[in-house]
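Feature annotations, reproduced from Swiss-Prot:
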type    : residues                                    : note
SITE    : 30                                          : site 'Important for tRNA non-discrimination'
BINDING : 177, 223, 461, 506                          : L-aspartate binding site
REGION  : 201-204                                     : region 'Aspartate'
BINDING : 223, 224, 225, 232, 499, 551, 552, 553, 554 : ATP binding site
């Protein structure tokens, strides 16, 4: 139907007869000559319709609405000098139309403009409801192509490194760890359910047992969890696993993968090795295991200064096993008012959202005296003030914000406040947001954390991570006692405060795997029922192996400078886990439920 695309025409095509297809981006009538901007996936080209070419042709052009689908035959010619458009790649040429064929018309009112000339902001709910139109827009078109090129770059690198792509099952079994599963009832096996995979974790390990050695997959994953801007119920991982590799080797290989992607997509030469930081250091300095290292305001532990303070909020927090930490905002006295920090203020509210009762603060004055509201200053000695300023490196004009209480809440609070203030004060400029790439490996995660709701230990990553050998020793009889306090050979890759990948060395010893499952509270029968196939495989000569899974949607979001992964997915779900375009999920006929041996107990509250 066409021999050229709209966006590829340049001065070199002058005098060529071309046949184009595309959509009417806009139509303009200038002094008896009609100009049509014709758009396809490659860009736009100006079509000129002259009445000298025939009244029938001109009448067709006069009738065209935006988004009408056309096939146009015409002659490429140079634009007059005064009409050259340097803002678009095809701006030196135009096509003189010889014939216009309408392939389809627009019979409904468009809910929003698709034209590249209209940068109108459209509500996301409208965009998602009419996603097929949204995909015609330049921004979404570019994002999908960037996504394709990212996957293409990853595949090219991995295949050159000897990896093969292997598909793993979508219908698998439900396991108790991690987020809620999406369940699929079995018609054939009444009363039994498949689960959609939260990741290909167990199957990729079994591929290593099977001798594949180097595997990757662009894997679809499903998690029934609460949503936010960078989460979806169904998402895509670049999943990688390899045998006979140590942690250092896996990290180095995946750095090369990231470098290759950034070079091909952004034309940027990233510097390696990426910085590394232990989980403990990240929590101490930033209050989070995915710190944004593009700016300072690091957390400072001041518990030693306040342990015997007369300020009971602080001293009681410390005596109860918690801590007192602070962040320092440079020139905060001029930038942040008391109203914002006190109850009802936006910064105070951020602290409350993280679980804190509030924030305490100190302002450093020009004479290095401190000023505050409440009892903090009254309960600080001159030497304590001096030590505080030394420890925080606070200067005159700076604002110090404090959190006190259980360590996990203090960390979470100051991390949230730190991010909020950095964004609010534009500590990172808009240009830096788009051009600064701060990668960081976070390593040495604890194997477990305590789940107070269930009164048991649970794996921080998953129960298949290998512990550090030096933490558990070689004596199997001591593993159960040593595992709860051990660190995992686990590593996350963080970019600008977002986790883009996570992995670990895996347990390849069946007895150690049994012990880990016992530590998280599974009985022998439960472990056998849920993971017996893995334990059996590990007992049959499983090689040392490890890997990583990258969040493809999140990586593309960052490469595209978008704020939400929904803008990098062709047909995403809303934050209510719905497809507003196809109206899914939806009710089904009772007959379908009967065939599956299930019934719905849902009662519509309306």
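Every residue, even glycine, has its Cβ placed from backbone N, Cα and C.
Keep in mind that what you see is a predicted model, and the values were worked out from it rather than measured.
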Rounded inter-Cα distance in Å - residue 552 (ATP binding site), residue 223 (L-aspartate binding site): 15
Alpha-carbon distance [residue 461 (L-aspartate binding site); residue 499 (ATP binding site)] in Å: 13
Residue among recorded positions 30, 225, 554 with Cα closest to the Cα of residue 461 (L-aspartate binding site): 225
Among 30, 223, 461, 506, 554, the most crowded of the recorded positions [Cβ within 10 Å]: 506
Among 30, 223, 506, which are recorded as recorded positions, the nearest neighbour of residue 554 (ATP binding site) by Cα: 223
Cα-to-Cα gap, residue 225 (ATP binding site) vs residue 30 (site 'Important for tRNA non-discrimination'), nearest whole Å: 55
Cα-to-Cα gap, residue 30 (site 'Important for tRNA non-discrimination') vs residue 223 (L-aspartate binding site), nearest whole Å: 55
Which of 499, 552, the listed binding-site residues, has fewest other Cβ atoms within 10 Å: 499
Three-class DSSP secondary structure - residue 499 (ATP binding site): strand
Arithmetic mean of per-residue pLDDT over the region 'Aspartate' (201-204): 97
Residue 552 (ATP binding site) in three-state DSSP notation: helix
Cβ atoms near residue 225 (ATP binding site) (within 10 Å, other residues, all chains): 14
Helix, strand and coil totals (DSSP H, G, I; E, B; other) for the region 'Aspartate' (201-204): 4 helix, 0 strand, 0 coil
